[in-house]
Amino acid sequence: MSSGHPSDNEEPRADLLREEEEEEEEEEDSDEDRGSTRPASPQATRECAGTQGSSRPEVTADGGTGSASGSGCRGSGACDSLFSWICRRKIRRGPYVDPARDHFRTMTRLYSSMSPAADSVNLSTQTHGAVFNLEYSPDGSVLTVACEQTEVLLFDPVSSRHIKTLVEAHEDCVNNIRFLDNRLFATCSDDTTIALWDLRKLNSKVCSLHGHASWVKNIEYDTHTRLLVTSGFDGNVITWDTNRFTEDGCPHKKFFHTRYLMRMRLTPDCSKMLISTSSGYLLILHDLDLTQSLEVGSYRILRARRPPLSTEGSSAGSRSGGPRHTIDNKNHPHREGLSPRNSLEVLTPEIPGERDRGNCITSLQLHPKGWATLLRCSSNMDDQEWTCVYEFQEGAPPRPPVSPRCSLRLTHYIEEANVGRGYIKELCFSPDGRLICSPYGYGVRLLAFDENCAELVDCMPVRTAQLREVRSIYSHSDVVLTSKFSPTHCQFASGCLSGRVALYQPHF
């Protein structure tokens, strides 16, 4: 003990007092709010008493023990700060315990090293035709391939082993595949039908669904209501009640209709439906209720409301999001009593370099956390293509104040290779939403929001920014039409016009 203590018989009591004070410091450190400035501990407050007015206070005497050096105070503060950080991590508070944040540097290195696997799947052009769509099962155990020549192929994506070929799965091109769960999946085709399949019994369809009058291009699934949702070039969005399907089909009804329909998607929480059109419009149904059919032909009452022009350049223009169409209840009083469910918003998304020219939204995807939408657009002259990311300005994590007039804001974009005209290129998000895989000529590009592959909410630009290229891989001999990330493995796949499917894995 130091000479400052009156006698040796008081040493145990002094030790107990110090231990109690240290325990109180630990409790206060563990209870502090995440992200706030850590308040000084009681001991530090006493040590720094009388010097609060100084920007860098020195430690004063404490209990007659004599003055300590300023470096001692700073060292104690550093130790306290380190202890507080460890304590917060231990009790799983703060951003330090998010696995995605902990491992994003590792994932960046992994995806930067992606290369075609030596045992990629090669398909015969004469037998299968072009690859139009790829889809993994939710558990990542099966990769399905939608082919031009009426067939669906199933592979083990880890070993590239062929599992099954669904010969004549349809009578025309197979356009899209969607898993309802780990065993049941649906396919759609230009033969205007949808087919349900069970992985446990692939010798025959579970059932065929008839209801569309033209090519069926898109399948979605509402996990809450177990409704299958399909869209086609007949302009119809149809819901199918899979709770009551039989060998003859299942009950269905027409939910929505619009002209020039290209793609339809549901947000991950199924609270919104997004529909893209070949005329450049993007339709958003908010507060979605799939059990209520919308009136066909009632959308002539929509009128355009263009936001005021801004003088802040492209940044402000991107915040406005372009023209917005809303229901004019003053001119149509019978619409005032409408339920707020399924409220419709019609947007003309801003496309870089295409302010005065039309465009076609050919591909549509949603961020896995519902924060943004991903569009592949082409000019009306079909001489330019872009990949664009639009942030949802409602329901997303808090961002700096933006214009409330539009629910989408262009945040990132990049120009694409203008090859394979007339074919739709399907792009996709990675499961964590940090990367985009985009068909690019005879290969694919991995794109990120910044050089660190950060999450969108962590690198939201004030002005519209270009997507960063993480890696380009050219492994096909023809135009790539589709790409897909595995939901469980560090792997993605791409398919091209000549019928080849390539698998990509990290190469060390």
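For all residues, glycine too, the Cβ spot is worked out from N, Cα and C.
Taken verbatim from Swiss-Prot:
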- 7-17: compositional bias 'Basic and acidic residues' (COMPBIAS)
- 18-32: compositional bias 'Acidic residues' (COMPBIAS)
- 63-75: compositional bias 'Gly residues' (COMPBIAS)
- 325-338: compositional bias 'Basic and acidic residues' (COMPBIAS)
- 1-75: region 'Disordered' (REGION)
- 307-343: region 'Disordered' (REGION)
- 126-165: repeat 'WD 1' (REPEAT)
- 169-207: repeat 'WD 2' (REPEAT)
- 211-250: repeat 'WD 3' (REPEAT)
- 256-295: repeat 'WD 4' (REPEAT)
- 356-396: repeat 'WD 5' (REPEAT)
- 419-457: repeat 'WD 6' (REPEAT)
- 475-508: repeat 'WD 7' (REPEAT)
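The stretch with the most CB contacts under 8 Å to the repeat 'WD 4' (256-295), chosen from 169-207, 211-250, 356-396, 419-457, is 356-396. Long-range contacts of the repeat 'WD 2' (169-207) within its own chain (CB-CB distance under 8 A, at least 6 residues past either end) are made by residues 129, 132-139, 141-142, 144, 146-152, 154, 213-221, 226, 228, 230, 232, 240, 242, 245-250.
Among the recorded stretches 126-165, 211-250, 419-457, 475-508, the one sharing the largest number of Cβ pairs closer than 8 Å with the repeat 'WD 5' (356-396) is 419-457. The stretch in 211-250, 419-457, 475-508 that contributes the largest number of Cβ pairs under 8 Å to the repeat 'WD 1' (126-165) is 475-508. Only residues 6 or more beyond the boundaries of the repeat 'WD 3' (211-250), in the same chain, are considered here, and those with a CB under 8 A from a CB of the stretch are 172, 175-178, 180, 186-190, 192-194, 196, 256-266, 270, 273, 275, 290-291.
Proximity of distant same-chain residues to the repeat 'WD 6' (419-457), defined by a Cβ-Cβ separation under 8 Å and at least 6 residues beyond the stretch ends, is recorded for 100, 104-105, 107-108, 111, 114, 133, 362-363, 365-369, 371-372, 374, 376, 382, 385, 387, 389, 391, 396-397, 399, 411-412, 465, 467-488, 492, 494, 496-497, 504.
Using DSSP to sort the residues of the repeat 'WD 6' (419-457) gives these counts of helix, strand and coil: 2 helix, 15 strand, 22 coil. Secondary structure of the repeat 'WD 2' (169-207) per DSSP, as helix, strand and coil residue counts: 0 helix, 20 strand, 19 coil. Per-class residue totals from DSSP over the repeat 'WD 5' (356-396), listed helix then strand then coil: 0 helix, 24 strand, 17 coil. Confidence for the repeat 'WD 6' (419-457), expressed as mean pLDDT, is 92.
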